[in-house]
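Enquirer: This is the structure I want to talk about, given as structure tokens.
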Amino acid sequence: MAVSSPPVDLSAALVLEPVAALDWLVILPVAWCIGIGAVLMMVRHRTFLHPPIAVAALGVLAGFDATLLWHVAQNGPVTMVMGRWLPPFGIAFTVDLTGALFALIAAMVALAGAVAAVTDINDSGRRYGFYPFLMLLMAGVSGAFLTGDIFNLYVWFEVLLISSFGLLVLGAEREQIDGAVKYGFLNLVGTTLFLIATGYLYGIFGTLNMADIAAKAGPLRETAPLTTLVALFVFAFAMKAAAFPVNFWLPASYHTPRIVVSALFAGLLTKVGIYALIRVSVMLFPLERDDLSLVIAAVGALTMVTGALGALAQTDTRRLLGYLVISGIGSMLAGVALGGPGGIGGAVFYALHSMVVMTALYLAAGLAARLGGGFSLASLSGLYARHALFSALSLMLFFAVSGLPPFSGFWPKVMLVKAALDGGAGWLAAALLFTGFLTMIATGRLFLLAYWRPAAAAAPSGQAAVPATALLPLIVLTAVSVLIGLFPETLLGLVQQAALTLDEPSAYLHSVFPAGSAP
Amino acid sequence: MRSLILRTVAPLIVGLMVLFSIFVLLRGHNEPGGGFIGGLIAVAALSIYGIAFGVETVRRAIVFHPLAIAGAGLMLSTLSGLVSMVFHVPFMTGLWIYPVILGEEVPLSSVMTFDIGVYLVVVGAVTSVALSLEERGED
């Protein structure tokens, strides 16, 4: 019955040349995370095994992503099609510099979170499945950054969303359920919009492969309502990324879970939205992005200013940081609106910086709460006397998030302001600088009240020791921020190259459809 | 549920349903069926067993914790995709062997092991949900 060697021409449907070993790096981050997540599920009752397995696995993941970045930087975009089917029919994973950079920083952030969780997540949190959820979240995040298929991107959004629900309700307290309902509902609305937009896109193009879409967009511009389509995508991704009018879910939920979970969310989730926005609006539909650029710019300016103003008004450190996450999203949107290598490069750079710094800031808020007895600015005080090194690290992070040199926030801000001035959008440059100023005031106020103010009578005082697993991730993330700030050349070069590849995706297209095999 | 009728017929029904779920799983390669729907049928069987004899009996009957079963299924599916690394073909490529067992050629493939993984994931995850809901109901 079965035919061992069918007499048909397989080359029309299948990839027949053997796959180079290095190309496996395209899919390995995702498969690895899912596999380790499965192992952790199998040993879920032996919770003492979870931290060592997860930390080691995320270390290996960072290694995979670093090698992948090196591979992509050397050889240009890399593609692997699932199940051997030729694109656009097979699902393609295509990695260019943008995806590889995001994936690497995400893995580093997750590794820092996993180490910090050793002390922050207790045994009951592990029993609830913190580490399996973390690995599956990373599978979703890595998949979103590495895939080259827009419906597959949607699937990874779902994977990371479901894992994030699990992380959000870890402990199942009343407040957490409240936050999770708001977060879950609004994110489902955003995801559904994304799905609807993808349905329209498939109706127009008849393909879901990103390279195929980018190649086919030109002739369809005359007849198809592409601007509407892109507007729908922009709205869906803006909701995911917490842009101004649709960002109320973020401050409503980010302060409820365990602090490590907040840190991971702040570092990873909104940035996936920004990544998807960049991928779709810049690479697939550049002309439509031009049409919408004024809208995106206005949204970006409002997001950053309202975010910074919101941060000024808060008395809970976690809520304050939530507004700073939003404010950063505004800066990235400004970069997307400006376009060109400067704007896009600035947005990508800002996203990478924000992933590192926002995670570190949340971890710092957790440590501050442990040292100073809470998250409320009314009672939090005297941290400088409690732990000088921790205070110094926090101050560096405050400078970094405000965009002061010599920290990582400075360079993307310079790129964005320069792009805005070059593009004749002086008001956007002014908004960027004004936001930096407001952020400085907000974080300065935090430092003044929580760190410099002498300890209140009720607050604990005196020198305090901090476990190494809590301090180490903070030190490493701050060091990354300082190193990027002091030696930005390598990353600047990579980011500009990444922006050029997005702007002119012929290398990306060529990687999916080698010469002559275009559909 | 204290029902003599249900307790009498439940083992028979449950046995048939589990058998049928495996049939649907294996049928799924070329015809309607597959791991997902087969897994759901198996979950329905386990739920009936739970309604008749209580959640503890089900937990003892399936030996492993439901989520551990789901984890094993996820692992099996992932490994089915990774096997193709050895043969220098892309991830998730279907690979076949045709061993002759008792004079009959039996086609086996990585597609099938992937589907068995899906079956286990569905059985584990949905059983876990169903059992916790039934447990709440018994309180």
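If you go along the chain as it appears here, the first residue is 1 and each next one adds 1.
Glycine is no exception: its Cβ is also placed from the backbone N, Cα and C atoms.
TrEMBL lists these features:
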- A:149-439: domain 'NADH:quinone oxidoreductase/Mrp antiporter transmembrane' (DOMAIN)
- A:20-41: transmembrane segment (TRANSMEM)
- A:53-73: transmembrane segment (TRANSMEM)
- A:85-118: transmembrane segment (TRANSMEM)
- A:130-147: transmembrane segment (TRANSMEM)
- A:184-205: transmembrane segment (TRANSMEM)
- A:225-250: transmembrane segment (TRANSMEM)
- A:259-280: transmembrane segment (TRANSMEM)
- A:292-313: transmembrane segment (TRANSMEM)
- A:347-368: transmembrane segment (TRANSMEM)
- A:388-407: transmembrane segment (TRANSMEM)
- A:427-452: transmembrane segment (TRANSMEM)
- A:464-487: transmembrane segment (TRANSMEM)
Enquirer: Contact between the transmembrane segment (A:53-73) and the transmembrane segment (A:464-487) is defined here as three or more C-beta pairs under 8 Å separated by at least 6 residues; is that satisfied?
Expert: no
Enquirer: So, do the transmembrane segment (A:53-73) and the transmembrane segment (A:130-147) meet, by the test of 3 or more Cβ pairs under 8 Å (sequence gap 6 or more)?
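Expert: Contact confirmed: at least 3 Cβ pairs fall under 8 Å.
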Enquirer: Given a Cβ distance threshold of under 8 angstroms, which distant residues of the chain, six or more beyond its ends, lie next to the transmembrane segment (A:259-280)?
Expert: 98-99, 102, 106, 109-110, 113, 116-117, 120-121, 130, 134, 137, 141, 144-145, 150, 153, 157, 160, 164, 167-168, 170, 210, 230, 233-234, 237-242, 250, 318, 321-322, 325, 329, 332-333, 336, 344, 347-348, 351, 354-356, 358-363, 365-366, 369, 502
Enquirer: Do at least three CB pairs under 8 A connect the transmembrane segment (A:130-147) and the transmembrane segment (A:20-41), leaving out pairs fewer than 6 apart in sequence?
Expert: yes
Enquirer: For the transmembrane segment (A:225-250), give me same-chain residues lying six or more residues beyond its boundaries with a C-beta closer than 8 angstroms to one of its C-beta atoms, as numbers and ranges.
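Expert: Contacts of the transmembrane segment (A:225-250) (Cβ under 8 Å, skipping residues fewer than 6 from its ends): 157, 182-183, 185-187, 189-191, 193-194, 196-197, 200-201, 204, 217, 269-274, 276-277, 280-281, 285, 288-289, 291-292, 295-296, 299-300, 302-303, 306-307, 322, 325-326, 329-330, 332-333.
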Enquirer: Given the transmembrane segment (A:130-147), which of the listed stretches A:85-118, A:184-205, A:292-313, A:347-368 has the most Cβ pairs that are under 8 Å apart from it?
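Expert: Against the transmembrane segment (A:130-147), the leading stretch is A:85-118.
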Enquirer: Are there residues at least six beyond either end of the transmembrane segment (A:85-118) with Cβ under 8 Å to its Cβ atoms? List them, or say none.
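Expert: Distal contacts: 12-15, 26-27, 29-30, 51, 54-55, 58-59, 61-62, 64-66, 68-69, 72-73, 76-79, 125, 130-131, 134, 137-138, 141-142, 145-149, 152, 207-212, 258, 260, 263-264, 267-268, 271, 275, 278-279, 348, 351-352, 355-356, 359-360, 363, 366, 469-470, 472-474, 476-477, 480, 494-495, 497-499, 501-502, 505, 507-508, 511-513, 517, 519.
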Enquirer: In terms of Cβ proximity under 8 Å, which residues at least six beyond the ends of the transmembrane segment (A:388-407) contact it?
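Expert: Residues 324, 328, 353, 357-358, 360-361, 364, 367-368, 371, 413, 436, 439-440, 443-444, 446-447, 451, 466, 471, 474-475, 478, 481-482, 484-486.
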